[in-house]
Amino acid sequence: MGSGISSESKESAKRSKELEKKLQEDAERDARTVKLLLLGAGESGKSTIVKQMKIIHKNGYSEQECMEFKAVIYSNTLQSILAIVKAMTTLGIDYVNPRSAEDQRQLYAMANTLEDGGMTPQLAEVIKRLWRDPGIQACFERASEYQLNDSAAYYLNDLDRITASGYVPNEQDVLHSRVKTTGIIETQFSFKDLHFRMFDVGGQRSERKKWIHCFEGVTCIIFCAALSAYDMVLVEDEEVNRMHESLHLFNSICNHKYFSTTSIVLFLNKKDIFQEKVTKVHLSICFPEYTGPNTFEDAGNYIKNQFLDLNLKKEDKEIYSHMTCATDTQNVKFVFDAVTDIIIKENLKDCGLF
């Protein structure tokens with residue numbers, strides 16, 4: 001009988017040891033898990049950062065996956081030319097080519113009959129001719145006066161390639177494609193011995209109430225703000241400047257009680273578009289008090305300081321900022337490497353090892 005008790009207690013001890021080991025493994029895994037929250041206003045580049053994580057850390061997009069973006073790319077291209085054509089009327093700009101009025105009529109007719117994401121050779125030719133019209137180009141130059149996708153020029157300048165038969169989208173085409181994020185999208189990947197769980201949350205105002213569910217246990221927030229949005233208004237409220245909205249949102253996040261111990265990284269995104277725009281449109285359109293030179297460095301630093309100055313706990317909390325171009329894989333790779341080092345450093349600090 002004694003031996004029975006002995007074998008039972010051996011079994012119990014074995015089970016206890018296994019459970020301890022599992023708890024230890026779980027604790028180690030949890031310690032290595034980084035919960036990253038991507039926040040920012042609509043169209044600030046959050047979803048493009050997520051696509052880059054797939055390219056950099058998850059073997060990229062297969063040909064089959066790239067093909068799945070073809071309909072989105074065609075839809076983006078068609079929506080872009082339609083937006084420019086409609087703005088021609090609103091802004092009172094005339095076509096230069098006598099044929100363009102007929103092309104506009106055909107564009108509307110084909111757009112109404114075509115299923116979303118389709119592209120016929122006839123439609124491709126109509127779009128190409130319209131895009132070449134100097135009136136359309138003049139209207140495109142005034143894109144901040146109406147709503148136009150950032151990817152418009154990328155696709156419209158490359159119509160021969162993207163409308164050719166047998167076209168397979170490449171990773172750059174995928175990165176430039178735009179689908180409004182609704183709800184919360186999670187991406188998981190490993191890097192530098194850490195397990196990342198990245199959450200991309202819709203940026204439009206209607207999507208923001210869903211953010212609250214993600215707040216618990218967040219290691220780091222990456223806040224995306226589009227530098228190039230300083231002369232643009234919101235899709236959902238044309239009275240509100242996009243940069244002002246972004247600053248307002250950043251203020252509420254960086255000073256929120258939920259995030260008092262959370263690392264915050266600011267991605268000042270779309271630096272490529274900003275660099276081009278700042279030579280034509282003065283920053284004072286958004287910040288009337290700005291009297292500095294309208295250069296990339298000066299105007300960019302001024303915007304950066306507008307964000308960083310909102311941090312009410314400067315002594316205790318550092319906000320790390322980077323100028324980014326979310327469609328540039330090498331730039332994102334370099335910046336994310338730096339972000340990961342910040343996370344590791346902050347984790348060591350929390351453990352008292354730094």
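Backbone N, Cα and C define each Cβ position, glycine as well.
Annotated range for region 'G5 motif' in Swiss-Prot, selecting from 186-191, 294-299, 324-329: 324-329. Among the ranges 121-128, 265-272, 305-312, the one that Swiss-Prot lists as region 'G4 motif' is 265-272. Here the region 'G5 motif' (324-329) has long-range neighbours at 45, 48-49, 52, 55-56, 171-172, 175-176, 224, 267-272, 335, meaning same-chain residues at least 6 beyond its ends whose C-beta is under 8 angstroms from one of its own.
Note on the region 'G4 motif' (265-272): DSSP counts are 2 helix, 5 strand, 1 coil. A gap of 12 Å separates the Cα atoms of Asn269 (GTP binding site) and Ser47 (Mg(2+) binding site).
Cβ-based neighbour count (10 Å, all protein chains) for Asn269 (GTP binding site) stands at 29. Summarising the environment of Ser44 (GTP binding site), the number of other Cβ atoms within 10 Å of its Cβ, over all protein chains shown, is 28.
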